[in-house]
Amino acid sequence: MTTLADKVWDRHVIERGDADLLYIDMHLLHELTSPQAFEGLRLAGRPVRRPDLAVATADHNVPTGPDPLSLLDGLAARQLRIQQENCARHGIELHPLGSPGQGVVHVIGPELGLTQPGMTIVCGDSHTATLGAFGAVAFGIGTSQVEHVLATQTLRMPRPRTMAVTLRGTPRPGTSAKDLALAVIARIGTAGGTGALIEYRGDAIAALPMEGRMTVCNMAIESGARSGMIAPDDTTFGYLEGRERSPRGRLWERALDDWRTLRTDDAADFDREAVIDAAAIGPQASWGTNPGQTTGIDGTVPDPASFADPAERAAAERALAYMDIAPGTALRDIAVSTVFLGSCTNGRLTDLRAAAEVLRGRRVAPSVRALAVPGSTRVKRQAEEEGLDEVFRAAGFEWRSSGCSMCVGMNGDVVEPGAHSASTSNRNFESRQGPGARTHLVSPESAAASAVLGHLASAADLED
Amino acid sequence: MDPVTRVTGRAVPLDRSDVDTDQIIPARWMKRVERTGYAGGLFEKWRRDPGFVLNDPAYAGASILVSGPNFGCGSSREHAPWALRDYGFRAVVAPSFADIFRGNLPNSGLVPVQAAPDVVAALLAAVTADPATEITVDVAGRLVRCAAIGEAPFALDESAHHRLVHGLDEIDLTLARSDAIAAHERTRPPWMPTGRP
């Protein structure tokens with residue numbers, strides 16, 4: 001009796017050991033964490049073993065304003081040039097800045113159909129966990145490991161423990177996948193998944209479209225897990241069918257036969273389990289400086305003294321000092337001057353649609369700067385075909401080009417020092433969105449509502 | 001890589017939980033394409049506070065960092081261990097580490113010393129009370145020693161231990177298994193996607 005994670009893992013073990021030697025089916029690369037790996041290969045005189053099992057793009061350092069190429073600073077331009085040289089030298093597919101396939105690496109992989117059930121997928125980026133939504137074992141790695149995969153198409157990794165997070169019941173209307181993800185982290189903690197690969201299951205997960213499943217798995221890393229995973233089903237197959245790199249014809253049928261076996265056996269045991277009542281989850285917002293410091297939008301900022309654990313208490317005290325928020329403050333009383341819609345967590349077409357639906361016929365508060373940043377160039381084009389760009393512009397949002405943008409604060413898109421942002425990204429760490437930035441993590445719907453009202457809010461607040 | 005069998009030195013107490021890699025090295029440093037030169041970025045924003053522990057001259061020259069649970073959470077950036085190494089650290093002691101960071105440390109020749117919470121608390125207290133306190137990390141024996149605690153075991157997985165103690169290049173080790181990799185590679189299902197350069 002085996003879990004989904006162990007089934008996929010076992011298929012890829014070349015040699016068992018304290019750390020298994022694991023075959024890697026797909027290696028995604030971005031510009032930030034790969035140059036030193038290629039340089040390591042060059043110094044050692046080693047070739048790339050399987051350049052055909054790697055795909056690269058540029059996302060972290062790219063500006064998202066009009067004509068991004070002209071906005072690149074010198075260091076970023078050098079990094080992109082080196083990426084182009086490395087990919088050309090080794091024969092690796094690259095979707096560079098300015099090309100139609102460019103985008104956030106975790107967004108373009110699924111778009112192309114590069115992320116399929118049963119695969120092992122790695123990238124030098126912790127949010128590779130996103131791709132586990134397809135029933136793949138997908139995890140982030142360091143640059144030395146990027147070099148190891150380039151040279152050997154394998155990794156030496158200890159087998160992760162197994163963990164089930166079951167979301168039972170039907171979430172309340174207005175609750176998005178992001179709210180589920182945040183509520184799970186608030187419940188199990190920022191280290192609740194350490195050492196484990198989390199399988200998300202239950203009817204609330206099964207009801208999510210692929211984009212929502214990606215949002216949930218994306219945030220697995222914020223609970224400390226190696227990755228997240230969801231068993232593939234008809235929703236998964238429906239998403240993949242017809243994608244550029246999806247199998248066709250008889251191969252598609254063979255793939256389907258195989259993919260349908262990728263589920264946790266009924267009698268399989270997990271090392272850890274958490275069962276969460278999804279029906280009790282409404283819109284969430286973070287109040288602190290780690291994603292576990294989150295509560296429902298109807299709630300108040302907790303008093304650090306209320307935490308029994310001394311480390312949690314100290315962390316809450318530091319967080320509130322950094323955020324400049326008093327204990328007991330209602331979340332809705334926290335004013336925001338920046339709103340960021342985008343990132344690998346919430347930069348897909350369905351996220352833009354959900355926010356646009358809230359914004360239709362409304363205006364962003366005069367005190368707010370709001371950015372809509374599509375997760376990929378393809379998402380941008382699709383959104384424009386649907387007229388979403390017009391909805392955002394009419395509401396007072398800036399309609400930007402695709403990239404990591406304000407999630408990572410290193411490409412010119414930053415929150416002003418001391419300012420509070422409502423952000424659909426994944427990390428509210430100190431200064432993550434720019435030096436001194438105070439980030440509140442929310443869903444796309446809540447980001448849109450917060451932009452209109454100028455304070456943390458959920459979409460339902462606009463209907464009162 | 002040079003073998004690392006033992007680290008002895010003074011230690012810096014950083015008594016916080018969930019120290020994330022964005023604090024260890026901010027993202028803007030990641031536009032660099034080198035593997036070295038990150039010392040200036042280590043805890044860049046916290047160091048602007050004159051009261052931050054790294055600014056205390058009593059801790060200058062320390063080679064061990066002692067911190068709280070879930071150290072190194074967040075981004076997978078190996079620039080974080082590079083910054084710690086470039087600054088002069090050779091080992092990090094904590095009750096727990098985030099997974100990716102724990103894996104990255106030995107690849108930069110740094111030792112993740114995961115010790116029991118009471119051991120870490122005692123070490124934090126000792127180095128806070130007396131910055132001259134010396135700690136020894138016996139990598140080979142997986143033991144941490146200090147006058148305040150005597151001797152205590154720490155966890156270090158077999159593969160990281162083996163590579164640190166013997167200074168082995170992991171890629172060399174794996175390339176020696178090329179035949180097994182090739183045999184496995186032939187079983188990759190034909191429907192799985194490939195890149196198109």
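The backbone N, Cα and C atoms fix where each Cβ goes, and this holds for glycine too.
Here A:C344 ([4Fe-4S] cluster binding site) comes close to A:V104, A:V105, A:H106, A:V107, A:H127, A:T130, A:N218, A:G375, A:C404, A:C407, A:N426: these same-chain residues lie at least six apart in sequence, with C-beta atoms under 8 angstroms from its C-beta. Per TrEMBL, the feature [4Fe-4S] cluster binding site maps to A:C344, A:C404, A:C407.
If you look up TrEMBL, you'll see A:418-445 marked as region 'Disordered'. Counting same-chain residues at least six beyond the ends of the region 'Disordered' (A:418-445), those with a Cβ under 8 angstroms from any Cβ of the stretch are 127, 174, 176-179, 182, 218-219, 221-222, 283-291, 293-294, 322-324, 334-347, 351-352, 354-355, 357-358, 406-409, 451, 456, 458-459.
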Would you list the other residues of this chain near [4Fe-4S] cluster - those whose C-beta lies within 8 angstroms of the C-beta centroid of A:C344, A:C404, A:C407 - in sequence order?
A:D59, A:H60, A:V104, A:H127, A:G342, A:S343, A:T345, A:G347, A:G375, A:G403, A:S405, A:V408, A:S425, A:N426
Can you break down the region 'Disordered' (A:418-445) into helix, strand and coil residue counts using DSSP?
2 helix, 8 strand, 18 coil
With every protein chain in view, what's the tally of Cβ atoms within 10 Å of the Cβ of A:C407 ([4Fe-4S] cluster binding site), excluding that atom itself?
30
